Structures are given as C-alpha cells and as structure tokens.
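Single-structure report; data block below.
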Amino acid sequence: MLPITETQHSVFCVSCVVSVKHLLGFLNFFYLLVFRCMLWRFCGILVADIRGSYMLVNSSQYGAGQRAQLMLRPLSENDTHCVQFSYFLYSRDGHSPGVLTVYVRVNGGSRGNAVWNVSGSQGRQWHQVELAVSTFWPSEYQIVFEATISSEQKGYIGLDDIVLLNYPCYKVPHFSRLGDVEVNAGQNATFQCVATGRSTKTDPFLMERRNGVLMSPYSVTSSIGERRLVAWFQVGGAQRGEQDLYRCITQSTYGAAVSNFAELIVRVPPTPIAPPQLLRSGPTYLIIQLNTNSIVGDGPVIRREIVYRASHSPWSETHGVNSLTYKVWHLEPDTEYRISVLLTRPGEGGTGPPGPPLVSRTKCAEPMRPLRGLTASEIQSRQLLLQWEPVGYNLTRCHTYSLSLCYRYSTAAGGGASGNNATVRECLSVERNTSRFTLRDLPPFHSVHVRLALANPEGKKESREVTFQTEEDIPGGIAPESLTFTPLDDMIFLKWEEPLEPNGLITQYEISYQSIESSDPSINVPGPRRTVSKLKNETYHMFSGLHPGTTYLVSVRARTAKGFGQTALTEITTNISAPAFDYEDVPSPLSESESTITVLLRPALGRGAPVSFFPFVPWSVCVYLSLSSSSRSSDEQRSTVNESSSLLGGSPRRHCRRKSSPYHTGQLHPAVRVADLLQHINQMKTGEGYGFKQEYEVRLYRHRVKMHSLLADPNSDYVNANYIDDMIYDFWRMVWQENCYSIVMITKLVEVGRMKCCKYWPDDSELYGDIKITLLKTETLAEYTVRTFAMERRGYPAKHEVCQFHFTNWPEHGVPYHATGLLAFLRRVKASTPPDAGPVVVHCSMGAGRTGCYIVLDVMLDMAECEGVVDIYNCVKTLCSRRINMIQTEEQYIFIHDAILEACLCGETAIPISEFELTYKDMLSVDSQTNTSQLREEFQTLNSVTPHLDVEECSVSLLPRNREKNRSMDVLPPDRALAFLVSTEGDGNNYINAALMDSFLQPAAFVVTPHPLPTTTADFWRLVFDYSCTSIIMLNQLNQSNSPCLQYWPETGMQQFGPMTVELLSRSTDDNVVTRLFRVTNITRLQEGHLVVRHFQFLRWSAYREIPDSKKAFLNLLAQVQKWQRECGDGRTVVHCLNGGGRSGTFCACTMIMEMVHHHNMVDVFYAVKTLRNSKPNMVESMVISHLIHCVACHLFCMYL
C-alpha cells in the first residue's frame, strides 16, 4: 500500500493516480464518508483534468449510503463534442457494490437530477459510456461522478478512461439547441427536444427543471432512418411561478444526452390600472378616453379593445380601438353600461383581464314614435273605456317618462242647436304602467277627439287624434223659457226649441195636453189627457178643436233612442170667443107687421163664457149681384225618368247582352270601329281641333232620380246632385232605395280653397236620419281610395254593404294628363260591383263634367268590347239630353277620345298572381308566324303610348339659371312633375332636377333625380329634408369611368352642405349593399327638428350594364328598403342613378310590383311602367329591363306560393 501524502499532487488532482498493483492498498486507506472530503483533507483541490483521472472505491470498507464524488473541471466548448468514460461494478457473489451516478452542473448551479446511473454487479469487465452534453460557450458545465455504497457493502466501483472527444458521440444522440420559450400566463408552453444520432423511442426522454423537477414528454416522433427523434414537452397553463430554466435529457445503457438549459419566460398580460374616462354622452352613444397610461402586467401593448355591456345584461360586446378616445355607438337610451378596457400584448393569450369598469348611463332619447292602437273597448253615454298598445321601453326610450291623454269635444255654448260651439279641452295624466283609462263625465252623443302624448326629458310624441262618439242618453229637458205660444179661441200654436242637451239624435217630440180649468161652465174639467207625437224636425204644433176660454196644461218632452227626457210644462188659456148660434140662417119670423117682426130665438153657444144678453140690431140691406170667376188650375204633369233604368245599368257589363247600342243614330254620326279609332282621332285633332269643336254642340236637358215621398213631406221626393249638409240623408235614402252597391266619387272635398263636396260619410259610425252608416274598412292607393260601409235602416232587418270608390287624381283644373289611372279605377269599379246590385251612383262636385266623362268611358268601353265599335258622339248627346252639362268642355270631350284610345290599344294587362307563372311563359313564347313574343309586342305598345316631352313641357328646367343644375340636357323632368325646393338659400332658386312619381299605394312616393353635381349637393339634401324622405337609393357607382360621381355624404361625423347638416349615425356593409344612417338638420329651421334617413348604396350594378350583376342582390335590396319603409312610416324615397332614368325606373317599377302582389295579389308590369313613364318618359328604357321586372314578379310569385 502506498502512503498518501500531500507531495503526491499528481495522485489527488481529481483522481488518485497510482499503479494497479497498489490499488488494494490505496482503497484500504480510504477512510472519509465521501471521497470529496478525502480530497479536501489530503489534496485540497476539488477538480482535476479529465485525462488520467480515475476513481476506485472498495464498498466493503465503508458503510451503506456513503458516497464518493469525482468532479471534472468546468468545460466551455464551442462545438459538438463527446465525453467518454469507462466504469467497473463487480462483486464476487453477484451482489451490488453500489450505484454510479453522473450529474451535469451548468454555470455553477445546482447539479440537479442524475443524467445517467448504473447499479448491480456488471461483471469483471470494464464498460464504456458516452455523455453528449449540448452546452456551449459562453456557458460552461461540469460533470460530477458519484459512487454510492450499497447495503450489501461488497465489491468495487471503478471509474477510468475519462476522455473529451471533439467529435459526436457514437452510442448516444446529441440534442439540438433548445430555444427559449416565451408564453403569456395561462397558456401552454411547449419545448421541442430534437435528438440526432443513435437512439430509439424506447429510450426515456425527460425534461428537467433547474430545481430538479422532471417531466415526461406528451409526444415522441421519429424521422426517416430512426436517426432523428423529436420529443415535445408541455408546461400546461404556465404561470409566473413556473418561469425557470429547463433542459432535455435522454439516457440508455450506453450513456446519456443532455441539452442546454432554455428559459421559460412567462409574461403577464397587461391590464389598465384605472377605468376609462367619460368625455361625453348621448342617447345612443358614450365617448370615452381609454386612460391606459398606467398598466399592470407586461408590455408591449399591441392592441386596445373596449368591452361593454348593459349592467342588467350578461351579454357583452368587444370593439377594437385605434385611438385613445372612442365613441361607443348603437347603445340603448337611458341605460347603464359597464365599459372596461382590454389590453393585448404579443402572443396567444396576450389579452389581459378587463380593467376597472366605467359605469355610466346614456341619456334619454326622444320617444320612438307615438303610441298606436288607441281604441275604445267600451263606449257608454257619459264615459269611454280607452285602451292602447302596451307602453314599453322600446317606445319610451327612457325610464323616466310621462303619459298623457288629451281629449276635446265641442258643446253648444249659446244653448240649443243654434248656439255657438265652445270647445272643451283637457289633458289627464295616466299611470305609466297601464294601457287603459276611463274618460268620465263626457257629454252623451258627442264626438270626443282623443290623442295620447308620450313624453320624456328629450321630447314628446303625440299620436294621431282618434274620434269616438259617446252613446246616446235620454235627452235633457226642454227649457221652459223656450216654449212660446199663440192662443186663439179654439186653437193654440205652440213652438219650442231643441233641448239644450239633446244627448243624442232627437227622434221625436211628445206633446201632451189636458184642460184643467175653463170659464165656460159647460166644459167639464179636468178633461182627458191627449198626446201628440211630432217628428224630430218639427218643433212646433197647432192644437185645434180646443174650447175657448179654457186653460190647458201642456207638456213637451223629447225622445232619443234611449228614451224620453224631462218634461217641460206650461199652462195656456185659449181666448174667449164671441157667442154663436148653432145654426146658420136666422129663423123665419113668427109674425110681421109694418113696424115689427116677431122671431123665436134659440139659445146661443157661450164660446168660453156664459151668454149675458142677446142684442138685436135691425138694418137696411141693399141687394146686389156679385159675379166671381174662378180659374181652375191643374198641376203640370212632370215627366220623370229614372236614370237607373237606362244609362247607369245596375251591374258591370261583363257579358254582351245587347245586339246594338242605344246610342247609334245611324245617320249623321255613325259609330267608329275600334280598329279605325286612332285614325279617326288624329283626323279630328287636325285643324286645331276644329273637328271636335264642330262635333261638340249638344242640346241639354234635365233628368233626375225621383225619390219616394216621405209621410207628411210632399217635397221629399227630390234630391239634388250637389251634396250639402241638408241633403246627406236624402242621398243615403236614394242609395238604400235603389239598392246601390257602388258609389263613384270624382272630386276632392276641397279644391282651390273652395269646398266642393260635403263629407257625407262617417269616419266610424253615424246616423243620418233613420239610416246608420258604419265604416268597415278603408283601402288607400295612389290614385283612388276605396271605402266599404255597412248600411242599416231603422225598421228594416237587412244590412246592406256599400263601396265608395273615390278617385283623387283628377286635377283641380282641366282633365288628367293621362287616362291610365282613371281607366284602372274604372276597371276596379266594374270588377267590384256585384251583378245583382242596383245602379252605380256617380257624382263629382256638380254632378256634371267629370261624372259625364266617367259614364261615357264606362259605356263606350263596354260597346267596344261587345260590338267592336264606339259611338262617342251619340252617347254624349244622349247623356246631355238627360242631364245638363254632363260634358262641360271640349277638353273633356277630347279626353274621352284619348282615354278610349288608350284603353283599346293597351287592353287589360293585370294578371292575378296565381296565374302569373303560366301567363308569363306564354308571353315569352315566340309566335312562329310573326316571329315575335307577346312580351315584345306589349313593350312595343308601351313605347307607342308613352307620351313624348315637348320643349314647352320642360320650360322650368330650360331656364338659363337652371341649366347648370342639370347633369344632362337630354334627361329633364316635366314641369308638371317637378319637385320644387321649399327651403330657401342664397339666390332663392328653388329648382332641382327631380321628379315626383306615384307608387301603387302612395301618390308622389318616389323622388327620382340624377346623381348630385358638385353645385347641387346642398340642393340634394334640401330636397331630402323638404319632402321628408326616409330612404335614399343609390344605383350608380362613384368611380364610373364615363361620368365620375362625387361622394355627397360624410363617411364619419358631421358635414355641412349649405343650410343642411348631415351626420353619419351608423354604417354597415355587406357584399351587395352599403347601408348608412344619417341625421339631417336644416340649421335655418331648427324648430322643425331633424330627419333620420337611411342611405342604401347598391354595389352590384356595374357601369355599362343594363341590369344588375346579381338578381338575388337586387331582390335583397328591394326587401331591405321595403322593411325600412315599413319601420319608419312609409316616407318618400329618393331614387337616383347616374341620370335619373333607366335604373331608377327599374327600382320604382319593381317596388310597385311588390306593392301589387302584397296588397292585391296581382301583377301589372305594363301599368307600373306606364304610370312611371307618364311622369318621365325615360323610365324603364329597354326590353331587357322589362324582362328583369317580370323576373322579379316571378320571384314574388314563388314567395306567394
């Protein structure tokens, strides 16, 4: 055994260098618990060079668990290398001498877990092991070998041949560089360990944290040739406490591979410290400042978002923010919102939790609309139980609101029917959570006008006034002071006034009288009580057969349908009359002498008082002869002709029942064949209309409908053609008597500021004498209105239905510019009148002129259909012989010709929607003989009947000051259709190139105009505001090469155009349509409030294309506009394309077709296009567009099914 001394430095520099023959003696000398302690004591050096270092431990000399360590010097290599060593573990009896473990310490840190170990007896041979450590400069690592004595304490543990090779290991793989991983807190961190070299999937792969914690991979894959293995390790939901250094380890019996340490960096997503700051609030928006200067967490901040929700709602929305301030749009008014800021740093999961919330409330908004559905669920004589739609936040748009019910009615302030009317007005506050209210203390049988007012701090919306009529009640008493009388001796004339409170329709008066006192002793008092009934309009009575000198107690009371009212009493005394004899001739004298005559006098009648004496007065008499002549007058016989029996046939003539017309003369003016009508009219119009002037000379006579006389009123058989208040009852009597179903009215109630016709129908229900008229429904179209009434008469069980067809498009002067609307109106009347109905009642203001035009058109169209000829001259002549001035002017006479010509040329073009598909297929089929289709022929007919504009018809557009306001001088609106500006600006010019056009349901529903020019943008917005337009349809593109168009709206915020300010409220975009919502205000008329307009910019209609790129997109546009129009109350629609022509006409025509289908279940493309062209000839310019409109109708047909 060699002694170990301090002078033997070569022995103890990491290992003891001795010869093998001295090995056993050296091991016996080993005393310390661990080998490192021996090195400290004897060598004083912890590390040594690699080459020549060895360690040998006799485990039988030491206790179990004792350890010996060998630490190599730190290594800092620049390239791939391999540490190779040999080990020896042997025990004679096969027991384990101990465990040999290898550690790799990096940069002086902890040694961590063992990267390789071996135990048990491995035989008497040495075994070679490789260590592939992938730690490179500037980092350094140190390999530590440790021998641990086993419990058997037998055998040897040896370590030798430690070599550092400058090439890769052969038996174990090398790890590629392990990169740092940075994740945000809460995210999964994944390390990818790539091992290249000799290894298998069965070799264990581990990841070691610097603190020694080991992880197993969740996936190991191999590449081609099994030379490359990839293991993935994951730190799930990494948190800040898991930020550390990690390395990869793999080991086998041949050695181990260790990667470099990579850092797991865990970043905490940022969060603002302070809540956002409120800058300004409105009803639907909040403007905030993000206030993100101070944050908690790690940066950098790459995205800012705001998340907000209503405080009462679990649903939230998130919006990205590009600036330090943000306007939160589309909020609900008067609602508390919680707004927080989200900050995001790079990487997945980089969005931090919301910062502290800003809790703020939006302002109230003006109520959405007035309340609707105001009805009376119970009507009594003195109270109304009213109800309306429930009041909700969607209407009030504010939680603080008030609901008022305002009503008014008129009362007779001066007393009776002749007094002046005074109006009672009152507004009552209604509880917020109720939708019903009882109005009390109302006067019976009065029209009560009620409206609802919904108010909040931001505004007020009042509903339309609805009129209710209280029920009748028993009438009030007749005022005693109104009783006036004139007594005679045997008669009394009594007069009274209507009760101050009729409380309904007075149906009769009851007068009772009874003698209660008399100065004539021959009269028995009290006498019997007698009762007389008087009609409602008879407020007087002549009592006859009374006794003179007698006092009568007279009572008068009125009656309504509810019964009799209070009685008014008065006492009236008849005059005392002179006594009289009950015989006429003086009785013959009993005796006569020259100076005396003796007569016998019988008792005289007292006549109201006792006879006191009989005076007898003789006198001389001269006899003379009086000749009197009397002429006997005879009543003139009045020849009456009932018009219902001749001209106004009771039913529309759907079948030809006559062989010839009663209007043929067969002499000077023969009928004209329909085929020759166009040539005939052209000839008549030559020579400045001389032909019409010569023909228009017709003698006039009067005929009328004779009414059945009412009892006790011999004049009640007459009714005038002018409907004034006193004649309304007679009018409805005539309708009842003649069993009329259809009433044709061709006048407005007021024209040119003058009343033309009394409103003879009720808005709800009303009594006219003994006839009750109830309005059942009202249908309003662009050119006429149809009202349906129920007609009841007291004493008759039957109830009649009557339709009033009110044509509203006849101009106040002259005749209609075109007959299209009147012809459609006439066809509607004929189709709606039942075959068994009585005559059609036709009236205008005077019962002539317009009425005559209608009748002639009706008769002549039937004649043309049945006989193929028209006889206008003889029809007019016959008509005027029966009623004066039935055709008042030559202009009306010419209009009749033009209208009949248009009807004959165009024919009936309406198609029921149920038949449209088959009819359209037939229209598309090409006739083999004519080589054309019905659809093409119809379009050619449309072109032939389209009026052409003369220069004189566009005089306003051609004025020098207006020329620069026209985009093209080829497309000008006619003067009759111009939409003049109302609001003034600058020079006061009120012209804009825009035309008003009817839809199917509404007059002037469309405002068609070209795309605004730079000089007309302000005029365009004035037009939108002046005509209360709620929609703008843009059908052209801004970047058209043929004519670039400017953008006339703001993309953000507010912009001013002349006196108009336009503010963008919202914007939404899809592939087909860009929808914008604007608020338009006239700063010179702020009292009128603002207008909300939705702008639809259609993107799928390319320049130079006649039809849209996508029919589906165009149908979607039509549906969007229709939905918006319903929501906003059907305001006018501005439609524009480049020149205000073809595309605009296409949109308008398709909209009209949609209205026809939805409201009348029919399609009339011809009528729609003809109506538009009557106002502007360039609407729907080509056959291709006409085909598109029919395709839209086909689509609607499919929806109808």
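Every residue gets a Cβ built from N, Cα and C, even glycine.
A TrEMBL annotation is a machine prediction, not a hand-curated record.
Not measured: the values here are computed from a predicted model.
For 12-34, the entry in TrEMBL reads transmembrane segment.
Marked as domain 'MAM' by TrEMBL: 52-171.
TrEMBL lists 173-259 with the feature domain 'Ig-like'. Computed over the domain 'Ig-like' (173-259), the whole-number mean pLDDT of the model equals 87.
Using DSSP to sort the residues of the domain 'Fibronectin type-III' (272-367) gives these counts of helix, strand and coil: 0 helix, 43 strand, 53 coil. Summarising the annotation, TrEMBL assigns domain 'Fibronectin type-III' to 272-367 (among others).
What TrEMBL records for 370-473 (among others) is domain 'Fibronectin type-III'. When the domain 'Fibronectin type-III' (370-473) is classified with DSSP, helix, strand and coil residues number 4 helix, 52 strand, 48 coil.
As annotated by TrEMBL, domain 'Fibronectin type-III' applies to 479-580 (among others). With DSSP states grouped into helix (H, G, I), strand (E, B) and coil, the domain 'Fibronectin type-III' (479-580) comes out at 3 helix, 49 strand, 50 coil.
Annotated region 'Disordered' per TrEMBL: 633-664, in sequence order.
Marked as compositional bias 'Polar residues' by TrEMBL: 639-648.
Annotation source TrEMBL lists compositional bias 'Basic residues' at 652-661.
If you look up TrEMBL, you'll see 696-903 (among others) marked as domain 'Tyrosine-protein phosphatase'.
The domain 'Tyrosine specific protein phosphatases' feature in TrEMBL is assigned to 823-894 (among others).
Feature annotation from TrEMBL assigns domain 'Tyrosine-protein phosphatase' to 935-1196 (among others).
Among the features that TrEMBL reports, domain 'Tyrosine specific protein phosphatases' is placed at 1112-1182 (among others).
Look at the domain 'Tyrosine specific protein phosphatases' (1112-1182): DSSP puts its residues at 46 helix, 8 strand, 17 coil.
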